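In what follows, a structure is listed as structure tokens, so that the remarks can point back to it.
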Amino acid sequence: TAAWLESVSQCMWSVMTACVVNTAMERLPQPPTITHQSPKDYIIDPRENIIIHCEAKGKPHPSFSWTRNGTHFDIDQDANVIMRPHSGTLVVDISREKADNYEAVYQCTARNKHGTAVSHNIVVRQSRSPLWSKEKVKPIVVQEGVSLVLPCRPPAGLPPPIIFWMDNNFQRLPQSSRVSQSLNGDLYFSNVLREDSRNDYICYARFPHTQTIQQKQPITVKVLNHPVDERRPTFLIPSGSSSSKVVLRGQVLEMECIAEGLPTPEISWTKMSGDLPAQRTSFLLYQKMLRIEKVSESDAGDYRCTARNRIGSVHHTIRVTVKAAPYWISGAPRNLVLAPGENGVLTCRASGTPKPSITWAMNGIPIENSPKDLSRKVEDDTIIFTDIQTGSSAVYQCNVSNDYGYLLSNAFVNVLSEPPRVLTPANKVYQVIKNHRALIDCTFFGSPIPKITWFKDASALDGDPYILHDNGTLEFHTAQTPNGGKYTCVARNFLSIYENHPTRIVKQPEYEVVQRGRSVVFECKVKHDPSLTLTATWLKDDGELPDDERLVVDSDSLTITDVTENDAGMYTCIMNTSLDQDSASAELTVVEATPTPAVVYDKPSGPSFQVCECAVRSCLYWFNYARYFLFSTEFLIQYEDALHHRGHWHNLTEVPGTRTTAHLKLSPYVHYTFRVLALNTVGFSRPSFPSRMYKTEAAAPDENPTDVHGFGTEHDNLVISWKSNGPGLCYRVMWRQKSVESDWTTVTVANNSRFVVSGTPTFAPYELKVQAVNDHGVGPKPAVAHGYSGEDLPVAAPENVQAVVLNSTLAEVHWDPVAHKLIRGYLKGYKVYYWKERSLHKHNPHHMEKLILTFSGNHSHGRLPGLHPFSLYSFNVRVYNGKGEGPVSRTQQFETPEGVPGAPPSLIVTNSNLDTLTLKWSPPHDRNGHITGYTLKYQPVNNSNELGPVEELALLANETSVTLPNLKYSTRYKFYLNAKTVRGAGPAISQEAVTIVDEVAFAPSNVPLFMNVPPPPAGEGEEEWQKELVNGSQKVVLKGLKGGLSYRVRLVARGHHDQPLHHSEDVPLLLWPAVASRQVDIATQGWFIGLMCAIALLILILLIICFIQRNKGGKYPVKEKEDAHTDPEFQPMKEEDCTFGEYSDNEDHKPLKGSRTPSNGTVKRDDSDDSLVDYGEGGDGQFNEDGSFIGQYSGKSGSRDTAEGHESSGAPSPINAMNSLNSFV
């Protein structure tokens, strides 16, 4: 009875302890764990609401979201779907919607700030029970003894139906070794008998999900009484001598052999490569089916079924191959709870056939895309954690897959830094039986795992007769009377010590510095077992407090009033219970009151100081010894951080000069060195000597990261980034959707400055917070930042697109802006695609080049410039965001009106005569409408490029040439031609031409003029020089010239017979009927003719006078005659010997008198290679205003040198002139 009572007591105590443990664990931070989910292949009844289960636990309780077919499923946007409170389970109301609209692949996500767990893919399909297709079944007539197969062929259902055969009375048709149903539902007769004749062979299909039964049309079988001969067996199913079958590990293997024959064959089975597994093997349907349950790899091999009757036998071999969907070898990965600095391993060990592949994810994100963690290393099916740190908590997903299935398992890694807790209630009284086994429990928890120590009174227990179990239980193998007493269970890890009877000071006294005459309070607050009496004791310098009424002891404090120098020292509070005690100490420093300032005369000297250490701050005080220097008005305290910024002094704080102490607020984890500078009205003193180094301990962060941003890189994610604010920190990342009432989701990230949230709705606004965290706590409350999840392409096109034509080259396009929620991203603007379909004029070609105009921002209209008039345009509009362009709007068209035409592409002058010209042109390429006509304007141009009166001629639209009569001969004209439409005249094309000239005027000096025609091609010779005596005239007209030929003209000066001939350079002259000189022949002008007549008369008079004088005086030197005349170039000619007078070499290269250089004497070459330029080195041939050559000429061209090598390429000399004259004579 005692043993039974002890057992009951122990059992009840174990249950109570388990409850206490679970309750304590529920209070600890914990990543999410999926506890319940719908099956992977979830077939639903279409008549009932759809319930997709997803339950999870975690601390804090996780929030839930879903994806559908791989994208975020926005439940709030579907009125038929609700999510159960505090759960992820979806309930779909199908009363207003068809169930097949919700057939999809769903996945549940449960997340809290410690991680994210995901469910497996849940494929939701509705059950289907289709009707049999209507068919007319003909009666079957067979002879007795033959085999027969009655087909069933049920409709495909989900899941597959259960098949059975019945008659009209719903009675199952009897089956035997002769008659049996196969796995596919057909009914097989090895041989038929006359009693098999009936008209109600009915195949039924029962669909289990909807609990409906469908039946096929009855089949009638009539057996004729004509028996057949006996025969050996043959297999009806399977066919042939061998077949193969694939089965998955763990499933049921079913093989069937149905044979026909007469008499009825018997079936037997053997395994050719071994024995059949007796425990898992069964034979059904009169040995026709072999079933093996829980198939393993050892069941692979060749199986033989044999059909035998007295006539013979037949065999069939079935080769079985066993494949395996992935399966766990040593179980799914297990959750891991680690303390900071510990090591751990996650193992995902699975097998399958073929060998499966293993992939890891962290918080639902492929691990290769997850934030980097230096403590984590992935090696195939194992993740190794080394020296893991706070903030590395996460849920890891292991996915094992091959061709036959997959396994998905969540396992969290929970990094906890928890001091030890003893969960067993204190002061429990154990009653045990002497000489029996006794157990005292100590249920505990901590991270890292605490070490348990048992004490009896004040002595630690170790070894016999005590047994200490790993779970903390203390065992007495045989309880004895001396074992009675009080036992204490102590749990220790590096964070703390926890006892089941703890007394702990929760607020310790702090170091104080006070001025003499003031008051100070030391606090000492304690937490203890309320069932025990607490006693507080205060000590000073490890001795009793002085008996002084200024020292007042309270239950949790010590107050000292009117402090004196004798009060300085170390004060200790001791808190005692009957079981334990705790103590804490703090120092009191007493300083002098602030002295009266002295008179200031100079810069203060550098102060000396002393640093006193405190728990969190430093108390810095100094004494100024500069009694004979100026009084300090201010002190500046500076520090150097030897850990992070060695060598740089930073200003920390300023203190009024009336104080000699300062309380400094220091930052954690800094190696401080201090110095002080004194300041007065003159300036700063030199710095004091630096203090010793003071190292502050690490503490909770005092600021959070900056530059928090949220953006998306994919359409279903949100990237949260921030700027790190220190090494070794973790970050608590929080987010929630802005427009939806939802809780903050939190994760802790280590060694990274960004975090990716997957499964978000597209371009949804989010509120973001990032808080710095370390081993000592969290930073201040973070500010809320804002961001958007990833963009996706817009899903809508602009509506109501239309165009308004403003003129022939400008149109304005209007559209209705796309709703913001349909843009699914940051609106960048709108793009108008437009192109010219064709011109409305039949002669213009089609154009299909597309143009794009972009209108940034939220526009609803835009203008299309540079259009072609009289054309048909098509256009459409698209909205675009940061991801790209949305769908195309409906394409619209518009027509531009007629515009002014372009210029005609060509204007050619042909058939030039003395007083007529013919103009030909082509219609404009850009007609821009219907051509209504042409306008031709023309006017003469004189030598100084002055334009004469304009003549205008209107031409019809179908004309492309015109002949202008009654023009002035040898006159340059300028022509302007433009086309017209109803919109007006277009730009004009211009051209110049000259009427034909039939003679050439030349203005020589008083010398003979020689001219010859150059040789024709291929050296056929040249014509003789022709001579024209000018008799001193300054002008000569050469008649009878032929158009299209080139001439050379030479002036020869003739003196006395003994004097050499002098001639000018040869001047080439080209007559080209189509092109004339741009200069106007002024010889036809009346004023010029009168002037020339007067000059000729004057020259004639002078010649007469000279002739008379010569006849009177005989011969006289040329030089004297030159001196007698004012014109040194004028040379008389001797008629008797046809020689020239004396000539000076200095004047060889002077221009002939009366020659002039025109403003523009260039001869236009047009399309011919022949030009006057080709005949001289001195440049283009030039003409004066009356068309004659100017006085100075260049030598022959290089080409002429080749043909006439005997002539010099330089300037002509008198010897050359004489040779030329001799050849002429």
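The backbone N, Cα and C atoms fix where each Cβ goes, and this holds for glycine too.
Under the heading compositional bias 'Basic and acidic residues', TrEMBL lists 1198-1207.
Positions annotated as compositional bias 'Polar residues' by TrEMBL: 1216-1225.
As annotated by TrEMBL, domain 'Ig-like' applies to 32-119 (among others). Averaged across the domain 'Ig-like' (32-119), pLDDT for the predicted model comes to 92.
Under the heading domain 'Ig-like', TrEMBL lists 130-220 (among others).
Per TrEMBL, the feature domain 'Ig-like' maps to 233-321 (among others).
Mapped onto DSSP classes, the domain 'Ig-like' (326-414) shows 3 helix, 49 strand, 37 coil. Marked as domain 'Ig-like' by TrEMBL: 326-414 (among others).
Look at TrEMBL and you will find 420-493 (among others) tagged as domain 'Ig-like'.
Per TrEMBL, domain 'Ig-like' is recorded for 502-589 (among others). Each residue of the domain 'Ig-like' (502-589) gets a DSSP state, and the totals for helix, strand and coil are 3 helix, 47 strand, 38 coil.
TrEMBL lists 603-699 (among others) with the feature domain 'Fibronectin type-III'.
The domain 'Fibronectin type-III' annotation in TrEMBL covers 701-792 (among others).
Here TrEMBL flags 797-899 (among others) as domain 'Fibronectin type-III'.
Per TrEMBL, the feature domain 'Fibronectin type-III' maps to 903-999 (among others).
For 1139-1225, the entry in TrEMBL reads region 'Disordered'.
Annotation source TrEMBL lists transmembrane segment at 1087-1108.
Across the domain 'Fibronectin type-III' (701-792), DSSP assigns 0 helix, 48 strand, 44 coil.
The stretches the domain 'Ig-like' (32-119) and the domain 'Fibronectin type-III' (701-792) meet in space: the count of Cβ pairs below 8 angstroms, excluding pairs fewer than 6 apart in sequence, reaches at least three. Per-class residue totals from DSSP over the domain 'Fibronectin type-III' (797-899), listed helix then strand then coil: 4 helix, 56 strand, 43 coil. Each residue of the domain 'Ig-like' (130-220) gets a DSSP state, and the totals for helix, strand and coil are 3 helix, 36 strand, 52 coil. Residue counts for the domain 'Fibronectin type-III' (903-999) under DSSP, helix first, then strand, then coil, are 0 helix, 46 strand, 51 coil. By the Cβ criterion (under 8 Å, sequence separation of 6 or more), the domain 'Fibronectin type-III' (701-792) is not in contact with the domain 'Ig-like' (420-493), since fewer than 3 such pairs are found. Under DSSP, residues within the domain 'Ig-like' (32-119) fall into helix, strand and coil as 7 helix, 46 strand, 35 coil.
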